[in-house]
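Taking it in order: structure first as structure tokens, then the write-up.
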Amino acid sequence: MILNTIRECDCAGKKVLVRVDFNVPLKDGVVTDDTRIKAALPTVKYLLDKGATLIVMSHFGRPKGQKNPEFSMAPIAKKFSEELGKPVILASDVIGDEVGAQVKALKAGEVLLLENVRFYAGEEKNDPDFAKALASFGDIYVNDAFGTAHRAHASTEGVSHYLPSYAGFLIEKEVKFMGPLLENPEKPFVAIIGGSKVSSKISVLESLVKTCDTIVIGGGMAYTFLEVQGHKIGKSLVEEEYKDTARSFLAKAKEKGVSVILPVDHLCGAEFSDTTPAVTIDSVEIPDGMIGMDIGPKTVALVCAAVEKAKSVVWNGPMGVFEFDNFANGTLTVAKALAACSGTTVVGGGDSVAAINKFDLADKISHVSTGGGASLEFLEGKVLPGIKALEK
Ligand code: ADP
Ligand code: MG
């Protein structure tokens with residue numbers, strides 16, 4: 001997958017329409033976490049350095065196609081301006097004559113932030129007229145909102161039909177690190193998949209089994225696999241209706257010669273709670289009444305040994321209920337193994353990324369994906385409409 005990127009676009013003196021992800025947390029009208037604003041700055045600053053004038057756009061929250069002032073971009077414009085170190089003009093609306101006049105009045109190098117694109121139903125419907133109205137503001141379109149690239153919305157996909165389209169640095173990096181995992185990963189390639197449910201992870205397992213050498217199945221989803229292998233799983237999470245899927249996945253992995261690491265021991269609790277003490281079960285068999293809540297020390301060692309030898313590793317989904325301190329060890333130790341791995345390491349998925357941040361290891365991972373749903377769909381091998389629009 002080769003994208004058109006802003007490195008190749010001549011934007012001097014041009015008006016550039018830039019889609020960013022400024023869907024930030026807000027409390028009492030103040031941005032409480034500016035990670036996403038900071039993440040967009042390299043692209044924004046690069047375009048300004050090259051002499052572009054910017055029309056920036058994003059969604060924020062779920063105003064459901066209505067102009068709801070609660071979801072105005074005003075507080076975000078303020079924070080963006082502070083971070084950027086120059087004025088940001090907030091547009092009076094998203095589209096329309098008044099905004100058109102504001103765009104016309106922009107001087108070279110100025111930055112205009114459109115109002116919340118989801119103030120119009122045409123955004124999520126990917127309405128061509130709405131997309132055309134947005135596109136009319138720019139000469140060039142740049143998308144750097146990876147987190148919404150799995151949605152074919154007007155600002156993420158629609159506008160690309162009317163303007164030359166380029167990827168910003170964030171999207172470029174996502175594709176640079178995740179693309180090879182599906183095509184030609186450096187080997188050995190280890191995929192570590194966990195989290196709560198088989199149903200939400202089966203597609204990613206089926207995608208990665210095509211290119212990986214070893215696949216680790218941990219977290220709550222592991223017990224459905226253990227049960228179909230005939231093991232006792234006590235009161236652990238199980239998805240009855242996914243047993244056939246689990247069985248055929250294991251057969252497929254075997255046929256492909258991919259080695260599957262499932263838990264060989266466990267940390268169990270008597271009940272699913274924060275205060276339940278962890279009991280180490282030094283066997284694959286879980287006693288009646290107990291719940292498997294983390295992988296045990298022998299399993300941790302198996303996973304770490306595989307990671308140590310790997311040239312590439314992808315990790316999606318925690319190994320246990322890491323939110324409970326008593327059951328965080330598996331996730332923490334595997335996270336540390338990734339941090340110490342000399343190969344390329346990629347972490348994607350909302351809770352896995354939260355775990356990496358909680359353990360303060362993000363800067364030791366080659367790539368921490370900025371999209372939850374988008375990175376999962378990417379790893380599933382799905383075509384992301386917002387990225388397809390930027391392909392050469
Ligand atoms: P991600 O967001 O990284 O893709 P998921 O949303 O699939 O991950 O899964 C994360 C959730 O899985 C966490 O809230 C975690 O507590 C839960 N989980 C992990 N192991 C278990 C387990 N053994 N039993 C129940 N839930 C688990
Ligand atoms: Mg999650």
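Even glycines carry a Cβ here, placed using N, Cα and C.
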Handout entry: Per TrEMBL, Lys201, Gly292, Gly349, Gly350, Asp351, Ser352 bind ATP; matching candidate in Glu183, Glu271, Glu308, Glu323
Key = Glu323
Completion exercise
Among Arg118, Arg247, the candidate listed by TrEMBL alongside Asp21, Phe22, Asn23, Arg36, His59, Phe60, Gly61, Arg62, Arg151 for substrate is Arg118
Problem - Around the Cβ of Lys201 (ATP binding site), the count of other Cβ atoms that are within 10 Å - result: 24
Problem - Alpha-carbon spacing, Glu323 (ATP binding site) to Arg118 (substrate binding site), which is rounded to whole Å - result: 33
Fill in the blank from the handout: Neighbouring CB atoms within 10 angstroms of the CB of His59 (substrate binding site), all protein chains considered, total 26
Exercise for the section: Going by DSSP, give the three-state secondary structure for Arg118 (substrate binding site). Expected result: helix
Practice task
Compute all pairwise C-alpha distances among Lys201, Gly292, Glu323, Gly349, Gly350, Asp351, Ser352, the residues listed as binding ATP, and give the largest one in whole angstrom.
Solution key: 22
Practice task
Count the Cβ atoms, other than its own, that fall within 10 Å of the Cβ of Gly61 (substrate binding site), considering every protein chain shown.
Solution key: 15
